[in-house]
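Asks: Please read through the structure below; I'll follow up with questions.
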Amino acid sequence: KPKPALTLSPASSHPGGRLELFPARCKNRSASAPHDTSTIHYEKFWLYRHCSSVQQGDRQAQKAGQLFSGLLAMNVVFLGSAFVSSMIFNHVAITLADVWILLSILKVLCLCWIIYYLLGTSRQPHAVLYRDSHAGPMWIRGSVLLFGIFSILLNTFHIGYSAVLIQCKSRVEIVFPSIEILFICTQAFFLWHHSKDCIQVQHNFTRCGLMLTIATNLLLWLLSVTNDTIHMEIESQLREVEQRFAGNETVSCTCPNTTICKVFQKGYILLYPFNTEFCLVCCSVLYVMWKNVGRRISHHHVPHIKHKFKLQGVVFGPLLGVIAVIIGICVFMMYQIQATSSVPDRQVFVMFYSYYVVLLPLMSMGAVVGTIIHALEKKELDTVKNPTRSLDVILLMGAALGQIGMSYFSIVALVATDPRELLNSLILSYSVLLILQTITQNVFIIDGLHRQPLVEETKGEQIHEACDQRRMSMLELGQEIRRASLSYIHSYSHLSWKRRALREISFFLVLCNIILWVIPTFGAHPVFENGLEKSFYGYSTWFAIVNFGLPLGVFYRMHSVGGLLEVYVTA
């Protein structure tokens, strides 16, 4: 038999830029093989496009698995949302116990999958060949641990409160928080140890398990937000209905006058916001894990440096931030004392909004100065694919919509009424400044997250690590020496004041966002209690607006703290 002809592919048609020889029988069957073996046929690389389908099949399988798991999560979320909405609008047909039963079933399924992942999937050979260094940073895992501990305390208080009133409480009110404690502990352990995994086995099953866990956390967050807003509604309308229901004995399940019952009740209400934050943080970490399923990370994308949080070289940022936190705590306490009285004083709203009108411009100025410093540094942008950073940007932009939306509604209401009155002018200034502060802070954080970190290692250490990770030609080696030299010179001479300024600004904004997270989280809701927007839009409409914007605003402040810490440690 004559030997098959060899076809020479041009270098321009091959991704690697090399000349390739391959048998002509791999070509289309209708094309006849040339009889002259010395003839060179310049044509498109048919083999690469048609015979090499493994990589293309992997991409199709990955997209199909992501699509199927996403559809699973979407259906679970819609089903749970229908249950929660039915409970709110028709609490006779669908009760809170029915919603708890559905969520308990979902949590048990998630527990089974997490345990299987810990004991089965992750222990298989070649299961975790790559780990995403950007996923699950210390501040995220610390948030999961912190909010998880408070959520466990919350459910403990819930169990104790239900046990004291066992004669009028359902058994479900004890079973549900017990399963919740087990779910929180298992999920926190799972995220702490496996948040960086890029799992390479059982792709579809792992994606479905992660999406089911995300959907369960979203439903738990929805239930927590709903209960919290209903609690706000009861508190705000309590003064109007307390006379109407005076002497009414229909409420049979009330807390007796015992210390232990009061402690359980107050602890349950006080710790409620931590559960909402725990659910959202877990969703963000689980989403990054879902994106990393089957992901292969090339070695030269592994970062050379592990940055650590240090307070070295910062003075003014912590000092100004601590002052802002102390004043904010004092304002918050005075507001809580006055606003919860039978007749809230108008001056307490003036004091509250005055604090914001002073603080928000300082934060905006700091963010603008930080953005300018980022532009002056002229550091290269980090263009490497990073699911964690992409999710951070999406969450920052999405959560900011809550505060921006409420602010614009307030602006329209105040301009249409009487903006010249003192309190109205303060609320109007607060709304405008809040929009500006949110936008400038987002620009500063996103710009900082996309900048490559400054290198603090010596030239020899950098070159040695680079040579160990990949083979380099003499030209590449010279480029590495030049880049390391420039980084060394810039780090310790020209850019020192810029680095200090970025750290001062980042730390100041971290402390400011913490106090702006604490104030609405623990009960200060002047946007609902001042009565101005509520009288303009009506109670139901404004309550729906606040119900949408306030939880997103709380999450935005908490998530901004994480982004600012990333900017701080990489400055």
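The backbone N, Cα and C atoms fix where each Cβ goes, glycine too.
So TrEMBL lists the following for this protein:
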- 67-93: transmembrane segment (TRANSMEM)
- 99-119: transmembrane segment (TRANSMEM)
- 139-162: transmembrane segment (TRANSMEM)
- 174-192: transmembrane segment (TRANSMEM)
- 204-223: transmembrane segment (TRANSMEM)
- 269-290: transmembrane segment (TRANSMEM)
- 311-335: transmembrane segment (TRANSMEM)
- 355-373: transmembrane segment (TRANSMEM)
- 393-416: transmembrane segment (TRANSMEM)
- 422-445: transmembrane segment (TRANSMEM)
- 505-524: transmembrane segment (TRANSMEM)
- 536-556: transmembrane segment (TRANSMEM)
Asks: Which sequence-distant residues neighbour the transmembrane segment (99-119)? Criterion: at least 6 residues beyond either end, Cβ under 8 Å.
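Replies: Same-chain contacts beyond the flanks: 76, 79-80, 83-84, 87, 172-173, 175-176, 179-180, 182-183, 186-187, 190, 194, 206, 209, 212-213, 215-216, 219-220, 223.
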Asks: The transmembrane segment (311-335) vs the transmembrane segment (393-416): three or more C-beta pairs under 8 Å (separation of 6 or more)?
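Replies: No, these stretches are not in contact.
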Asks: What stretch, picked from 67-93, 139-162, 355-373, 393-416, has the most CB pairs under 8 A with the transmembrane segment (505-524)?
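Replies: Stretch with the highest Cβ contact count: 355-373.
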